[in-house]
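One structure is given below, encoded as structure tokens.
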Amino acid sequence: MGSEGVFGAGGPALGLIALAIFPFAWCIPISLILAELCTMYPENGGYTLWVFHAFGPFWGFQEGFWAWLSGAIDNALYPSLAVTCLSKYIPELADNTVGTWFLKGAFALVFALPNMFGVQLVGRGMVVLTAVVTLPFLIFSIWGFATADDWGALGQFRYADTELSNSTADYISTGGLAVQWDVLMGTIFWSFNGFASVSTFAGEVANPSKTYPTALAITIVFVELTYLIPLVAGAVFNEPLWHTWTEISFSDLGFAVGGNALLALITVATMASTWGMYSSEMFWVSFQLTGMAEAGLAPTVFSRRSKKSDVPYVSVALSGAIIVVLMGLDFSEVLLMANVLSSMSQILLIASAIKLRVTQPDVLRPYRVPGGMTLLVAISILPVAVCGYLVYSTFASESTITPVVLVPTVVVVGFVYAWLMKLTPKQFIAPKPAGPLFELE
């Protein structure tokens with residue numbers, strides 16, 4: 001869901017190349033860095049505290065603020081995707097702006113409910129939702145491969161013009177290559193981003209030196225396959241044609257492959273997927289903001305937790321408010337804002353990993369990126385390049401007014417807040433101790 005742009009922006013051939021390269025350019029390097037830092041500082045707040053230890057409280061706050069807001073903004077996508085998915089069954093939804101907005105708000109509220117009952121429910125719920133999402137897309141993939149008749153589509157690129165041939169009834173691409181690089185990079189980054197979020201609840205994880213490296217390795221493989229297999233199945237079936245795909249085209253593909261029955265399954269899977277991603281992202285952004293408050297980087301009101309469930313309910317409420325404000329924006333605008341803020345925070349995160357190797361070489365690291373400082377710097381180059389491109393392309397584009405205005409505003413607000421609060425190391429307190437809730441046997 002939402003990953004269709006990986007093929008639609010440049011063609012299946014370029015999409016396959018991107019899917020083959022991106023794990024090595026982004027996922028593996030960032031996971032190695034995260035595994036080291038998570039085991040070095042296994043505390044709630046994650047990368048916020050890493051940047052604090054590396055560069056001080058001012059930049060620690062910026063890191064946390066950018067990352068938290070990026071996650072909250074990104075979460076505004078999922079109620080919209082859920083409503084768009086339902087509109088395949090109820091076309092009238094697309095014409096009722098007010099009703100659509102209230103329906104998005106209802107989804108935002110319902111999707112957030114598991115987060116109000118504790119982390120155990122969220123964790124177990126994600127396991128169930130993963131199964132609900134995986135099975136329909138597995139059926140779609142098998143069915144799509146079995147009935148596919150356009151395997152040549154996998155070798156196609158996006159060209160400037162695509163026309164229907166009068167003689168063969170096939171589509172013919174003409175003109176030069178017309179790759180939408182900003183869409184391709186933005187979509188694949190968004191699809192594979194989020195590894196750093198696991199650090200925000202590190203204080204809740206038992207045996208982090210074993211749990212984090214193992215979990216991150218499994219996640220890379222699973223995420224790659226869950227995107228690759230359905231996209232290839234859809235491309236070789238190729239109805240609707242890949243160059244018409246949007247963020248919700250799997251519903252159309254499901255109907256084309258298996259009629260209303262498969263459309264119903266894909267709709268259930270899409271709704272479960274939006275719920276799962278929304279709930280898990282709400283979980284980490286809430287704990288991240290709470291970790292900042294517990295470390296003195298945010299107002300103490302955000303450190304409040306429910307006595308019964310230990311849920312950071314004030315942080316959940318603020319994150320939900322951000323979502324309600326932004327869920328009316330266009331999908332592409334929200335995606336760009338989330339990606340730019342996330343890219344800025346990831347660059348700072350990578351810089352902190354390098355700085356801590358210099359300033360704190362003797363601190364215990366149960367897991368360490370192998371190869372010393374040289375390899376650490378080397379594996380950081382491509383992730384920084386990816387993030388730099390996303391920031392540059394957003395501000396260089398003439399069609400993205402909202403992100404170009406809001407992102408600098410957010411940066412200025414963060415700088416002013418940190419300056420007015422005169423954040424100093426004396427304000428930092430030890431993170432709240434937490435019992436082990438997650439552990440790999």
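Placed from the backbone N, Cα and C atoms, the Cβ positions cover glycine too.
Note that TrEMBL annotation is computational and uncurated.
For reference, TrEMBL has these:
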TRANSMEM  12-35  transmembrane segment
TRANSMEM  47-69  transmembrane segment
TRANSMEM  101-119  transmembrane segment
TRANSMEM  126-146  transmembrane segment
TRANSMEM  183-203  transmembrane segment
TRANSMEM  215-237  transmembrane segment
TRANSMEM  257-278  transmembrane segment
TRANSMEM  311-329  transmembrane segment
TRANSMEM  335-354  transmembrane segment
TRANSMEM  375-395  transmembrane segment
TRANSMEM  401-420  transmembrane segment
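Between the transmembrane segment (311-329) and the transmembrane segment (215-237), the number of CB pairs under 8 angstroms, six or more residues apart, is fewer than three, so the stretches are not in contact.
Counting only same-chain residues 6+ beyond the ends of the transmembrane segment (401-420), those with a CB under 8 A from a CB of the stretch are 57-58, 61-62, 65-66, 69, 329-330, 333, 336-337, 340-341, 344, 394-395. Just going by CB pairs under 8 A, the stretch in 47-69, 183-203, 257-278, 375-395 that sits most against the transmembrane segment (101-119) is 257-278. Non-local neighbours of the transmembrane segment (126-146) in the same chain are 226, 229-230, 232-234, 236-237, 250, 253-254, 257-258, 262, 265-266, 268-269, 272-273, 275-276, 279-280; each lies 6+ residues outside the stretch with a CB under 8 Å from one of its CB atoms.
Long-range contacts of the transmembrane segment (47-69) within the same chain, counting only residues at least 6 positions beyond its ends with a Cβ under 8 Å from a Cβ of the stretch, are 37, 40-41, 196, 199-200, 285, 288-289, 291-292, 295-298, 319, 322, 341-342, 344-345, 348-349, 351-353, 355-356, 359-360, 410-411, 414-415, 417-419, 421, 423-425, 427-428, 431.
Packing against the transmembrane segment (257-278) from elsewhere in the chain are residues 1, 75, 78-79, 81-82, 85-86, 88-89, 107-108, 110-112, 125-126, 129-130, 132-137, 139-140, 143-144, 147, 237, 239, 248, 250-251: each is 6 or more residues past its ends and has a CB under 8 Å from a CB in it.
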